[in-house]
Amino acid sequence: MSITLTRTSQHPRSAEILSDEALAFIEELHHRFAGRRDELVAAREDRRKEASATGTLTFPPETAQVRDGDWQVAPAPAALQDRRVEITGPASPAKMAINALNSGAKVWLADLEDASTPTWENVLDAVANLSDAAHGTLAFTSAEGKEYSVRQDGKTAVVVVRPRGWHLPEEHVLVDGAEAVGALVDFGLHFFHNAAALTASGQGPFYYLPKMEHYLEARLWNEVFTFAQEYVGIPHGTVRATMLIETIPAAFQMEEFLYELRDHASGLNAGRWDYLFSIVKTFRDSTAGDFVLPDRGAVSMTAPFMRAYTELLVKSCHRRGAFAMGGMAAVIPDRKHPDVTAAAFAKVTDDKTREANDGFDGSWVAHPDLVPVCQEVFDSVLGSKPNQVDRLREEVQVSPEQLLDVASADGGVTESGLRMNLYVAVAYTAVWLSGNGAVAIHNLMEDAATAEISRTQIWQQVNQAVAARDTGNVITAELVQSVLAEEVERLRGEVNDPERFARFYEPAAALIGRLVSGRAEDYEDFLTLSAYRLLDQVNSLGQASPGAHTA
Ligand SMILES: CC(=O)SCCNC(=O)CCNC(=O)[C@H](O)C(C)(C)COP(=O)(O)OP(=O)(O)OC[C@H]1O[C@@H](n2cnc3c(N)ncnc32)[C@H](O)[C@@H]1OP(=O)(O)O
Ligand SMILES: O=CC(=O)O
Ligand SMILES: [Mg+2]
């Protein structure tokens, strides 16, 4: 075998998860698909440069026949007919997995992506928990002695697993000496151990596919699924995938994505946070138009360019018999503060009401207490129907100009927004380094996607020499470094734990300080690519108890 592991895992289930048979499957996936994945990821930057230089993107001319053609995706299996509420969250620790399964949501997006730090231990623990869930053996006892078990009334959420995006490596697995592809490791381990059991149980190997930028990347996933099904001997079309439309190039290829995966597709999701990140990233250095995004907190889903995106998504899905899934309102409840919870419920109700009225078939929530809020809204619009795929929205017409009209967003850039971005980027990155990929900061859910917006906005503001509305100051690299130093001192006081601060916050601050310089050579395509290389180093003393951020 030419597959090797670079580190011995302490996980009690590692021998079973990383069995010779499972590793042989990962190796086979790598040999067949890693080379193409490398080419597709490498091709992104040339396209980005062209979009930035021209200030535009177009619906691809070469796929006009796909858009004009008469085709539908395969009908959704029974387990995915009603997706009105989907809870998202990491599959590790087991407690969260059980809480998600028991939450009352129809679907649980089990996340190895935006909400998860891919330490090797987290990856293995997520696969172990998902395997236990698939085989009906998942249980957990907390350090305080609280026992968790999966409800047995037939109302557990259907599991849809989100592997890492195509860009991330898995450095703990080498094939022929090269790092494995994170997405293929996550998918491969989950699929190998569970596809047959899930299929037999009436669910299935269901996936969410993140961060794709081109329909050829969707084609590659289709090839992976086709091969994987043959390998374990389950029928073609058993896998179902919901693709996130969360990059700006993907918004111009929604039907193409569905077409590529038409035997396996069950829908598209409007991943709003990565979508905003992708817009800023793609046009960060553009001088061919106004692409400076207002403060992150000022951009809402009612901004015309965001409405163009969601309206087009509903129309594209329903035309092809696919589900249109709404995104994440980042406000979260706080069980200790009823006022915070009431405000979160009101905002989530507004957000889900707009989505349900626009024709979405269901939507996401980040916290179990928000499940009934989303459910009530969709119940009131769907009535006795499981979905509203029959709402075709034929009246919707969306142009490239509307999708790219970033200047249509109200609000502007402020120095207080800059300060907030720096604080969040450092705090989130520190918590991520400690092994926790989603965290509440100031009553907002922060994850990899929201942190990416924060740090990329700063880079753009420096690069474009934006003047802050509140102070009139031009945002320069020097100003950013001085505000960063202040925010780092604030965090030091709040964390109030010198060892923890030195271990996680200082490397996080150094990384963010470099990534926001506004210089081309310091821009990194994904924050998590650089942060990933720090993970083993900061956790060399053993994985810390993954932190919350306590401000
Ligand atoms: C941009 C995107 O991609 S969005 C999708 C990716 N992001 C996510 O999935 C984020 C999911 N949400 C979360 O991780 C969490 O809700 C957080 C980090 C935001 C807040 O978590 P906490 O601070 O632990 O919230 P809180 O203390 O209120 O939790 C109360 C209980 O609900 C559980 N809980 C909270 N959120 C979730 C969740 N998403 N899934 C399962 N259980 C959850 C907690 O584990 C806790 O359980 P316990 O009472 O048994 O101890
Ligand atoms: O993955 C979802 C997003 O909003 O990003
Ligand atoms: Mg995302």
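For all residues, glycine too, the Cβ spot is worked out from N, Cα and C.
Automatic, uncurated: that is what TrEMBL annotation is.
Under DSSP, R162 (active site, proton acceptor) is assigned to a strand (E or B) in the three-state scheme. Around R162 (active site, proton acceptor), taking its Cβ as the centre, 26 other Cβ atoms fall within 10 Å, counting all chains. Under the heading active site, proton acceptor, TrEMBL lists R162.
For D447 (active site, proton donor), the same-chain residues lying six or more positions away in sequence with a CB closer than 8 A to its CB are D114, A115, W273, Y428, G437, A438, V439. If you look up TrEMBL, you'll see D447 marked as active site, proton donor.
According to TrEMBL, the feature domain 'Malate synthase N-terminal' maps to 10-64. Model confidence over the domain 'Malate synthase N-terminal' (10-64) stands at 98, taken as the mean pLDDT rounded to a whole number.
TrEMBL lists 159-405 with the feature domain 'Malate synthase TIM barrel'.
Feature annotation from TrEMBL assigns domain 'Malate synthase C-terminal' to 414-534.
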Helix, strand and coil totals (DSSP H, G, I; E, B; other) for the domain 'Malate synthase C-terminal' (414-534): 83 helix, 8 strand, 30 coil
